[in-house]
């Protein structure tokens with residue numbers, strides 16, 4: 001049907017002048033609504049489609065592409081306040097590459113998703129500050145570089161608009177701080193290099209974050225957006241199947257209300273980011289004035305922005321010692337070398353995921369029932385061959401051919417259900433697209449460790465002897481875990497074996513991660529109660545190092561009832577292990593140090609933006625006083641309220657909420673000011689006071705402990721429970737007893753091991769005086 005020019009006036013006051021196809025606008029035309037909104041441009045069978053210009057009575061204006069009645073393609077929106085967005089749109093929302101100039105002269109240049117900054121982008125503040133890096137849902141998240149107008153620069157990781165993870169802070173005077181941050185504050189170990197001292201190479205950091213070795217920013221391809229260039233890109237298309245009538249032109253879904261330009265702006269929840277505070281600069285950059293031939297450097301430990309420990313060293317000493325931190329990666333990931341190496345280790349990971357997905361999918365439809373004796377037998381196995389090209393029962397995959405064996409599947413299904421683990425969630429955690437992360441082994445076993453992407457599960461390779469012990473103890477283990485919901489013993493959720501094409505067999509066990517928490521674990525200890533060889537060399541201690549018995553410089557004071565519940569369960573668990581002739585187990589202890597709440601108002605940024613600010617990202621300088629010498633309370637126990645708890649328990653927790661003597665023997669929650677409200681359970685979220693043992697630090701080491709008492713949140717569990725007191729251990733005991741005191745070595749008779757273990761922990765967690 002041919003188009004013809006016409007002019008139509010509708011009963012509601014709308015006016016259209018232009019080409020029609022039948023009764024529908026088609027071709028070029030102009031449409032005016034009674035409230036002053038005007039569209040002029042292309043139409044397609046009654047829909048605004050093609051190129052056009054849309055003007056609001058408020059003064060807002062859009063010029064660019066439309067599709068099916070929506071802003072869709074590339075175009076420029078000018079708001080009444082003077083802000084201008086030029087870039088990609090999808091269904092009335094900024095989506096794709098675009099540049100926004102805010103009314104206060106801030107500029108964002110980069111990727112958008114669903115109306116918010118998301119992906120790579122550059123944000124320049126009117127005061128000269130600038131950020132280049134990754135964004136997520138409108139906030140700085142991932143890798144990025146922030147430079148301040150005063151010359152300071154931070155190069156590292158971000159989360160929700162805050163410095164979070166490893167990074168390097170460069171001061172304007174030339175000093176550097178290499179360390180870790182948590183929610184915008186220094187948190188954990190780090191090293192400060194005053195100006196003039198020799199520091200680690202920054203080239204890798206510079207290349208990772210998009211600026212050259214001199215520190216000059218290198219703009220990415222999207223630093224300047226040209227609409228003509230963008231129009232050559234393939235626009236996002238969407239099926240528009242809705243039929244439109246002439247009266248349909250007046251519907252609100254197609255008219256773009258007068259306040260559209262404001263409602264589509266990003267939310268006003270950005271954070272301010274100033275350079276390092278004056279208190280921090282007085283500690284760090286003030287020392288950068290040291291410029292002798294052998295300047296000192298400072299090893300430091302922070303607790304939510306509060307400096308708690310410092311060790312003074314020379315830069316020469318630092319250059320000859322192992323790096324204490326792995327700063328070129330996110331803090332959560334650390335690689336280790338396996339016997340398979342490279343791609344074979346990757347294949348092993350893929351095989352593990354394929355096998356677990358197959359096993360869980362096969363066992364889940366089986367009707368629930370109690371376990372039987374036959375479920376523990378040698379015949380209780382699921383076996384399957386996984387050829388690369390797939391089979392009648394298995395999908396094709398990109399790994400190598402392998403044989404899969406799953407041990408006692410019904411037993412482990414019931415164990416997972418005992419801990420309320422949904423089968424679908426379990427598979428998604430381990431077998432999801434995000435995959436597994438390999439983590440460094442904390443011990444001497446040579447095992448490979450994997451961590452699920454959500455940190456809920458740890459997967460460890462087993463020796464053949466360990467597998468045999470686990471299968472022998474499994475009936476008793478199942479009974480013990482069922483009888484004692486508060487048990488601290490490692491939670492096992494699956495045991496598997498992979499046989500590779502050249503005959504190599506690799507055995508795995510899936511366990512709950514005892515440190516599955518949003519809180520940062522500042523210290524980790526592996527405590528056995530023995531002393532022979534139970535220390536870590538100072539130059540090998542890093543951010544993620546698991547320390548040992550002789551490294552423990554604290555004793556922990558707990559609420560009376562919490563302590564009673566703890567040792568009641570420890571004694572029960574040790575009796576169970578003793579009855580199985582198990583030794584070499586240890587208490588894995590994780591500590592989260594709390595900075596006192598009153599300090600949060602006088603520490604480093606962040607500071608929230610005031611309501612008067614625009615939707616641009618704020619940037620202010622914060623003047624902070626120096627750190628106080630005595631920290632007030634950093635946590636608080638209150639009566640348990642189930643609906644008020646912020647976080648769900650990890651997969652290793654099944655027990656009830658604990659009662660505290662100090663709260664009237666009621667069930668309790670733990671409040672961490674400004675962070676969370678947590679349910680207190682045995683081994684999880686347990687509050688305590690860590691008392692530093694005087695004289696523990698060697699004066700010659702130059703280490704200064706700034707406080708004597710800290711509030712801590714404690715996480716713990718009993719691990720490494722698969723070593724029997726066999727002939728090999730008896731021989732080890734005999735040989736070492738000739739050289740050392742028999743009670744100081746690890747390999748002793750299980751009854752003595754259990755008693756020594758408990759006695760040692762009674763000293764670590766003493767009764768309050």
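A Cβ is built for glycine as well, from the same backbone N, Cα and C atoms used for every other residue.
What Swiss-Prot records for 276-288 is compositional bias 'Polar residues'.
If you look up Swiss-Prot, you'll see 344-765 marked as domain 'PIPK', on the strength of sequence analysis.
The feature region 'Disordered' is assigned by Swiss-Prot to 266-289.
Under the heading region 'Activation loop', Swiss-Prot lists 725-746, citing similarity to another entry as support. Beyond its flanks by at least six residues, the region 'Activation loop' (725-746) meets 528, 530-532, 581-584, 752-753, 756 of its own chain at Cβ-Cβ distances under 8 Å.
Residues annotated as repeat 'MORN 1' in Swiss-Prot: 16-38. Counting residue by residue with DSSP, the repeat 'MORN 1' (16-38) contains 0 helix, 16 strand, 7 coil.
Feature annotation from Swiss-Prot assigns repeat 'MORN 2' to 39-61. Looking just at the repeat 'MORN 2' (39-61), the mean pLDDT is 92.
Residues or ranges marked as repeat 'MORN 3' by Swiss-Prot: 62-84.
Here Swiss-Prot flags 85-107 as repeat 'MORN 4'.
For 108-130, the entry in Swiss-Prot reads repeat 'MORN 5'.
Sequence annotations record features per position, and here Swiss-Prot assigns repeat 'MORN 6' to 131-153.
Per Swiss-Prot, repeat 'MORN 7' is recorded for 154-176.
Residues annotated as repeat 'MORN 8' in Swiss-Prot: 177-198.
Summarised by DSSP class, the composition of the repeat 'MORN 3' (62-84) is 0 helix, 16 strand, 7 coil. Mapped onto DSSP helix, strand and coil, the repeat 'MORN 6' (131-153) counts 0 helix, 16 strand, 7 coil.
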